Amino acid sequence: MKSKLKLHGFNNLTKTLSFNIYDICYAETPEDLQAYVQYIDEEYDAERLTQILTDVVDIIGANILNIARQDYDPQGASVTILISEQPVTPTDSQIEESPGPLPDTILAHLDKSHITVHTYPEIHPVDGIATFRVDIDVSTCGVISPLKALNYLIHQFDSDIVTVDYRVRGFTRDIEGRKHFIDHEINSIQNYLSDDTREAYQMTDVNVYQENLFHTKMLLKDFELENYLFGDATRNLSAEQREQVTERLRHEMLEIFYARNMPH
């Protein structure tokens, strides 16, 4: 075990985890598309999001100071939680490069600054495709990385595509006055994901180590069409229609994953 870094004063490093989660579906009729948006809007309303973020606060061991939440018309929701700092002696499991807990195994000890979430349901005007995007930011100041919340959050949403960014900014000084621009080892965000998550997703990294900037994109490997169909009308799709819908959905997912429009 490595000896702990002795600091002069408080740890001033800011660690920010930002990620976007996308859920994709297909509906045959305009009415079913609107029903999907309504379903998502109710399933992930401000109250549900508040509970999810409260669980994140538990995972990172923070104290809630204030919660601001809002449901929007016609759809969407947002929640911001301010969290307080207090002196903490982190355990080895909190600072090592390893996966955080799953939804059914939440345990925690950390303390930090703010968490926000916003939701964005949207539908394609002609192709029957609907997407639901969740943007989450977890920003902490101090010794423990917000990456410990990543594993839990991916399991809380139906995540077809996930884009994750992690950065460390600022510096802290040791007792000899030497600056430290990062206080933990990290080679890849993937090391904070559980084995089942790594096996389920195709992943690619773009990391700028000298800038303490890490980026991982994730695309679900297994594609079961039944998991992407919404509404009663989709039950009557012919084999040819099912093949066409599969192509549309995969094309949509690849465009989101690569962040560019692609030819059909």
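Cβ atoms here come from the backbone N, Cα and C positions, even for glycine.
Features of the protein shown, as given by Swiss-Prot:
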- Ser113: pyruvic acid (Ser) (MOD_RES)
- Ser113: active site, schiff-base intermediate with substrate (ACT_SITE)
- His118: active site, proton acceptor (ACT_SITE)
- Cys141: active site, proton donor (ACT_SITE)
**Prompt:** If you draw a 10 Å sphere around the Cβ of Cys141 (active site, proton donor), how many other Cβ atoms fall inside it, taking every protein chain shown into account?
**Reply:** 19
**Request:** Based on DSSP, name the secondary structure state of His118 (active site, proton acceptor): helix, strand or coil.
**Result:** strand
**Request:** Count the Cβ atoms, other than its own, that fall within 10 Å of the Cβ of Ser113 (pyruvic acid (Ser)), considering every protein chain shown.
**Result:** 20
**Message:** Distance check, please: Cα of the residue listed as 'active site, proton acceptor' against Cα of the residue listed as 'active site, proton donor', rounded to an integer number of angstrom.
**Reply:** 22
**Message:** Whole-number answer please: how many Å between the C-alpha atoms of the residue listed as 'active site, proton donor' and Ser113 (pyruvic acid (Ser))?
**Reply:** 6
**Message:** Among all protein chains shown, how many Cβ atoms are found within 10 Å of the Cβ of the residue listed as 'active site, proton acceptor', not counting that one?
**Reply:** 18
